[in-house]
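Student: Once you've had a glance at the structure underneath, I'll fire off some questions.
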Amino acid sequence: MPSGCHSSPPSGLRGDMASLVPLSPYLSPTVLLLVSCDLGFVRADRPPSPVNVTVTHLRANSATVSWDVPEGNIVIGYSISQQRQNGPGQRVIREVNTTTRACALWGLAEDSDYTVQVRSIGLRGESPPGPRVHFRTLKGSDRLPSNSSSPGDITVEGLDGERPLQTGEVVIIVVVLLMWAAVIGLFCRQYDIIKDNDSNNNPKEKGKGPEQSPQGRPVGTRQKKSPSINTIDV
């Protein structure tokens, strides 16, 4: 075959290529549209990121992180990313089937800087990470007041050790105390009545002897009478 000549493809192959040429401009946009729609649905099903992320109850080796979730969203868990700055110590805490809005961070190094990020877990995946929060643990020499809780007393909920009583609790306590006072007062009253009755009955029983008749005979003894016979003459 001469070098300047080129062989042409078969007629059947030319037809197939011609049929694919009109589709090539539309194939890429269609695929991109489907992928973007799929990603849009997935993002719509994910919960929003947590808000109001704060770190409290700082100790030398522990802390408590808490957050809020926007209303109207189904959240079944959380995921916390903990990172120590200027050193190793990355940790991820993940928990599902819970509605808690706080978590205790333990095993921290004293006098060290950390950052945390919280994600919400929904039915279709995790939310984007929340705002990055920085905190620093206390030194070992920084002691807490004697009336405060120890580091081991930190709860998952992050509640304070001393909580003021609510109005309903105070009312219940007062009602219970009044009921007990009424029961004790009623018992004391009944006891006094029984004691007075016993003291009044004892002197009468001691001074009471067998009753006697005016003739000196006991009243209880009946005199023997002779039978009387009545005769009627007709």
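Heads up, the Cβ atoms here are built off N, Cα and C, so glycines get one too.
Just lifted these from Swiss-Prot, have a look:
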- 197-209: compositional bias 'Basic and acidic residues' (COMPBIAS)
- 47-140: domain 'Fibronectin type-III' (DOMAIN)
- ASN52: N-linked glycosylation site (CARBOHYD)
- ASN97: N-linked glycosylation site (CARBOHYD)
- ASN147: N-linked glycosylation site (CARBOHYD)
- 122-160: region 'Disordered' (REGION)
- 197-234: region 'Disordered' (REGION)
- 1-44: signal peptide (SIGNAL)
- 45-167: topological domain 'Extracellular' (TOPO_DOM)
- 189-234: topological domain 'Cytoplasmic' (TOPO_DOM)
- 168-188: transmembrane segment (TRANSMEM)
Student: Going by DSSP, is ASN97 (N-linked glycosylation site) sitting in a helix, a strand, or coil?
Tutor: coil
Student: Which of these glycosylation sites has the least crowded Cβ, counting other Cβ atoms within 10 Å: ASN52, ASN97?
Tutor: ASN97
Student: Per-residue pLDDT averaged over the topological domain 'Cytoplasmic' (189-234) comes to what?
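Tutor: Computed over the topological domain 'Cytoplasmic' (189-234), the mean pLDDT is 62 on the 0 to 100 scale.
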